[in-house]
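Chemist: Just passing along the structure, written as structure tokens.
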Amino acid sequence: MLSPAPEEPLLLAELKPGRPHQFDWKSSCETWSVAFSPDGSWFAWSQGHCIVKLIPWPLEEQFIPKGFEAKSRSSKNETKGRGSPKEKTLDCGQIVWGLAFSPWPSPPSRKLWARHHPQVPDVSCLVLATGLNDGQIKIWEVQTGLLLLNLSGHQDVVRDLSFTPSGSLILVSASRDKTLRIWDLNKHGTGVKGLLDNSTNAVFLWSMRSYTLIRKLEGHQSSVVSCDFSPDSALLVTASYDTNVIMWDPYTGERLRSLRHTQVDPAMDDSDVHISSLRSVCFSPEGLYLATVADDRLLRIWALELKTPIAFAPMTNGLCCTFFPHGGVIATGTRDGHVQFWTAPRVLSSLKHLCRKALRSFLTTYQVLALPIPKKMKEFLTYRTF
């Protein structure tokens with residue numbers, strides 16, 4: 001299922017802000033968020049100083065080292081002709097903390113476009129949501145770079161954003177004001193619901209049907225700063241300043257595994273209790289690997305079945321990470337406003353894993369446990385074979 005000896009991640013390319021910005025505040029240059037569009041055709045980068053860059057993917061030739069072009073660019077070259085997408089700069093007016101692309105394709109309602117595009121027919125479009133320092137959320141049309149909506153409601157930094165995968169243009173936002181908010185972009189960004197979260201050390205699971213609290217997951221000893229569901233939604237991983245990643249069964253609340261970020265370089269100063277504080281965690285698109293970024297200047301890659309990392313890459317001041325949706329690449333953002341692209345393990349999933357992934361996409365843990373199948377099969381399908 002997994003390659004026996006994965007190679008260490010190689011740095012493929014690095015993007016840096018085009019020119020330094022002269023601002024009085026220091027905490028404005030970080031790349032707090034990076035994101036690929038679901039179809040892999042766009043990359044968004046909050047490069048600091050209130051600016052988001054929208055970059056067509058694959059990257060242009062000058063950013064890609066020789067020998068990698070053939071692997072990364074593939075048939076995308078065929079689309080780079082007349083009318084090919086252009087890089088765009090979005091000035092958000094505030095420090096950008098969160099980014100999220102809508103599912104693709106997503107049909108917007110006429111209401112969403114009416115104000116800005118009265119002459120344009122109702123066609124599918126891709127949108128980008130940006131969460132800002134002042135609590136605002138701005139919604140942009142990717143192809144044109146035009147601002148479509150400005151959503152107000154949060155009272156503090158909008159730290160993270162996520163669209164529901166159904167394509168309905170329902171957006172969930174998480175803020176430091178300790179609330180989640182659900183927005184319907186098909187109704188001019190009308191706020192559907194606000195959900196209160198009073199704890200930073202716990203994880204709250206909410207129902208997107210009834211907007212009620214399903215379960216509270218407790219286990220971290222410090223603030224939870226990042227989380228991600230596996231592609232089949234059967235697993236949830238959470239990362240904390242306590243240096244641990246916890247893998248949960250979101251249906252039962254069971255803690256399946258903890259991945260501790262121990263010090264790798266003995267030359268580092270042990271007196272710094274935050275040396276391995278985690279910043280970001282994400283699943284690979286096939287669901288067999290995790291990537292984490294921590295304050296010990298390392299990008300780690302983990303195999304799902306193992307308790308220790310299978311590969312490391314040195315990076316300075318890392319803040320966020322995400323996998324390319326078709327695999328093979330990890331993007332990371334840094335405090336310096338840079339973005340780095342790394343090679344990621346390429347794996348051919350086993351038939352067993354493909355079946356598990358397909359079944360768990362629509363069966364809960366309780367439904368699997370009720371099936372008339374052998375115990376070992378149930379353990380495999382519920383990820384209890386670690």
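In case you wondered, yes, glycine gets a Cβ from its N, Cα and C as well.
According to TrEMBL:
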REGION    70-89  region 'Disordered'
REPEAT    128-150  repeat 'WD'
REPEAT    151-186  repeat 'WD'
REPEAT    217-258  repeat 'WD'
REPEAT    271-305  repeat 'WD'
DOMAIN    350-386  domain 'SOCS box'
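Can you walk me through where each of these features ends up in the structure?
Modeler: On the 0 to 100 pLDDT scale, the repeat 'WD' (128-150) averages 94 in this prediction.
Residues 200-205, 274, 276-283, 285-287, 290, 292, 294, 302, 307, 356-358, 360-361, 364-366, 382-384, 386 of the same chain lie 6+ residues outside the repeat 'WD' (217-258) yet bring a C-beta within less than 8 angstroms of a C-beta in it.
Counting same-chain residues at least six beyond the ends of the repeat 'WD' (271-305), those with a Cβ under 8 angstroms from any Cβ of the stretch are 1-2, 6, 9, 225-232, 235, 237-241, 243-245, 259, 261-265, 311-327, 330, 332, 342, 344-345, 347, 349, 353, 357, 383, 385-386.
Taking Cβ pairs closer than 8 Å, the domain 'SOCS box' (350-386) reaches residues 1, 231-235, 249, 251-252, 256-257, 286-288, 304-305 in its own chain, all 6 or more past its ends.
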Chemist: Can you tell me how the residues of the repeat 'WD' (151-186) break down into helix, strand and coil by DSSP?
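Modeler: Split into helix, strand and coil, the repeat 'WD' (151-186) gives 2 helix, 19 strand, 15 coil.
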